[in-house]
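The block underneath contains the structure these notes are about, expressed in structure tokens.
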Amino acid sequence: MIIRILWLLLLVIVSVSPWTLGNPIFLQKPGKPNRPVIKWNPPTDTWNWTTNPRNEEPFFVPSNFTHKLPPSANETELIAHMAALKRNYSRLLWDNDKGTNLPMFVEKALKLLNLKQVYYEVEHSVMSKVSCTACKAGAGLLQHYIRLGKSKDEINKMIFQFCVSLKIQSARVCEGITRLFGSEVVYVLKRITIGPDEICSFVIGDACGDVYNPYHEWEVAFPPVPKPTVRPLESPLEKAPTFKVLQISDTHFDPYYAEGANAECNEPLCCRASNGPALTPGGGAGRWGDYRKCDTPKRTIDHMLKHIADTHTDIDYILWTGDLPPHDVWNQTKEENLKVLQETVAQMSDMFPGVPIFPALGNHESSPVNSFPPPYISSPDQNIAWLYDELDTQWRRWLPAGVSHTVRRGAFYSVLVRPGFRIISLNMNYCNNKNWWLLMNSTDPATELQWLIYELQSAEFSAEKVHIIGHIPPGHSDCLKVWSRNYYAIINRYELTITAQFFGHTHFDEFEVFYDPNDLGRATSIAYVGPSVSPYYDLNLGYRIYYVDGDHEDTTRQVVDHETWIMNLKEANLFGYPIWYKLYSARSAYLMPALRPQDWDKFIDDMTAKEEVFNLYYKHYWKNSPRRGMCDSECRKRLICDARSGRSHDRRALCVHIEARIDGAAPTPQTWRAWLYNGLSVSMSMIMQLPQVAYQIPKFVLGLG
């Protein structure tokens with residue numbers, strides 16, 4: 001009650017401050033001329049989160065397990081360089097016997113592109129100016145058709161014909177993508193007034209320049225409560241009680257996976273009965289999964305869950321961070337995705353009876369993928385209630401009834417796990433730059449971040465520690481720059497309350513460190529990015545175990561240590577039986593005294609200075625996959641910068657010193673003869689690809705990367 005009264009007083013103060021919740025704040029940037037105020041009325045959102053009951057009763061009763069922690073760091077030698085394995089890029093090349101008849105502005109854009117680079121960047125969310133040019137060409141093409149007055153059906157028909165005639169994908173994939181995505185994209189583009197420059201800066205970020213866009217500049221409002229004094233963070237007490245926590249992420253269960261099916265198809269997802277039999281020796285899908293573009297068969301998920309239940313009998317609770325359906329994004333229906341949700345929830349309940357599970361929503365749960373309309377999209381054929389209502393029904397077996405109102409509104413919730421310890425689950429699809437609906441209005445969709453501030457301020461008043469879970473990491477390039485910037489400010493303000501964050505989405509084994517915006521040398525928070533169960537693609541399968549500071553008088557609720565467990569897919573298919581084993585534990589492998597933010601910052605420094613330390617991280621990043629390639633200096637800079645980037649699309653500010661240090665330690669240049677030969681090879685490669693690069697533009701627009 002005291003907290004509620006304090007909040008009412010704070011809301012009165014905030015209501016008369018210059019911040020207007022729900023509206024974009026048109027920020028004046030230094031060195032830029034004054035711009036006219038744009039009159040714009042966003043859709044009305046009158047939701048008042050303070051009137052809903054807040055979960056104040058501890059939900060989780062610990063099982064009193066005595067957990068044996070992994071061994072501490074020792075002086076074992078770090079693993080040396082991995083063998084270089086060349087990636088097979090042949091799948092990036094397309095037949096060049098087809099002509100193209102594109103608008104002149106698209107033809108000009110194509111001359112600037114490199115086919116392999118665009119394909120790789122779109123597929124891996126690693127964008128450059130090349131991808132920016134492709135984005136502008138694609139967005140401009142669609143807007144060109146809209147300005148000509150073409151109907152939705154006419155545009156969809158043209159997109160389909162374009163896709164098929166240029167052999168971007170098979171006819172059935174082209175048909176499915178057009179049917180699922182065409183109407184939504186046209187609906188959004190007809191209702192926005194911004195052009196390709198603004199659209200692509202919004203979606204891609206830094207690689208497309210910092211284009212001023214007043215429709216997508218906003219800031220959340222903080223209550224006028226001073227930030228508590230920050231003191232050095234102490235390590236958790238040795239041998240104190242801990243919670244053992246399982247994280248499962250990105251299972252991507254494929255109910256149509258078929259052993260022996262063609263694993264080398266030219267579609268976004270292979271290894272299915274519909275792909276037909278293998279066309280080449282060794283081209284068939286493996287029994288337990290496949291390194292190629294294939295998701296997880298049921299037998300493998302069953303085996304993994306049984307292994308976890310038998311091996312880790314002392315799990316206290318589970319973090320389940322999303323992405324349940326497979327990658328057949330052209331072939332999905334709402335009914336199919338709901339069926340996958342229902343079946344996997346039932347399976348988790350059966351395998352871990354009595355174990356609390358805290359889920360988060362992935363970007364693949366919707367149909368079409370990445371489509372998460374904010375609450376103001378209320379028409380029955382377009383809103384997201386079909387998914388959020390079912391999430392509430394399925395998650396209710398693990399969550400208290402009081403969170404139903406926020407789950408149904410935006411698929412986020414807050415639960416008091418133990419006295420003084422809270423878990424907050426966020427819907428990270430409201431930062432997803434592939435969510436086209438956000439182009440209409442990106443201002444704090446579903447008022448999620450303002451609600452998060454309310455929860456964190458209440459937790460601060462109550463001296464609670466908080467763990468945040470979600471799917472898309474906030475520093476990943478898939479997260480909108482403006483959303484990520486606001487989230488970063490929230491983490492900084494409540495750094496003494498938030499003791500850990502947990503995400504998935506990337507399929508790799510990694511982490512993100514957050515820093516004080518006013519002192520980028522001081523780490524403030526750590527986000528753990530758990531590995532995927534799915535091998536999609538070129539990966540082994542994996543899951544994470546965390547040891548969290550447990551119930552005792554001096555608990556910090558920090559992560560004490562974590563382990564990554566994997567299954568070697570090559571050996572499982574070769575010998576006919578999968579073996580799961582612990583790949584590494586963080587403190588022992590990385591010689592870390594603790595896992596505080598400053599310890600991870602020190603580890604980033606070690607990776608920057610010592611190549612052998614980075615090589616060990618790179619092995620774990622790929623879950624020890626035999627398909628990982630060699631990581632050159634550019635690759636190394638990117639991965640280390642990823643680890644330092646809790647804020648998306650801001651690498652210039654966060655990583656410039658890292659790049660300079662790695663460049664300074666780079667090997668001496670090659671001889672002029674080798675330079676000339678390699679330069680000619682690259683030039684010829686680009687020339688040969690120019691006639692084919694046109695095929696990739698619609699692929700970018702349709703989201704098939």
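Here the Cβ of each residue, glycine as well, is placed from N, Cα and C on the backbone.
TrEMBL annotations: computationally assigned, not manually curated.
Since this is a predicted model, take the numbers as computed values, not measurements.
Partner cysteine of C641, as given in TrEMBL, is C655 (from among C479, C631, C655, disulfide bond). Per TrEMBL, the cysteine from C163, C174, C208 that shares a disulfide bond with C132 is C208. For C271, the partner cysteine in a disulfide bond according to TrEMBL, taken from C200, C294, is C294. The least crowded of the binding-site residues H471, H507, judged by other CB atoms within 10 A of its own CB, is H507. Report note: the Zn(2+) 2 site is defined by D323, N363, H471, H505, and the residues of the same chain whose CB lies within 8 Å of the CB centroid of those residues, excluding them, are S249, D250, T321, G322, L361, G362, H364, M428, N429, I472, G504.
Note on C635 (disulfide bond): other Cβ atoms within 10 Å of its Cβ, all shown chains, come to 14. Its Cβ taken as reference, C132 (disulfide bond) is surrounded by 23 other Cβ atoms within 10 Å in the chains shown.
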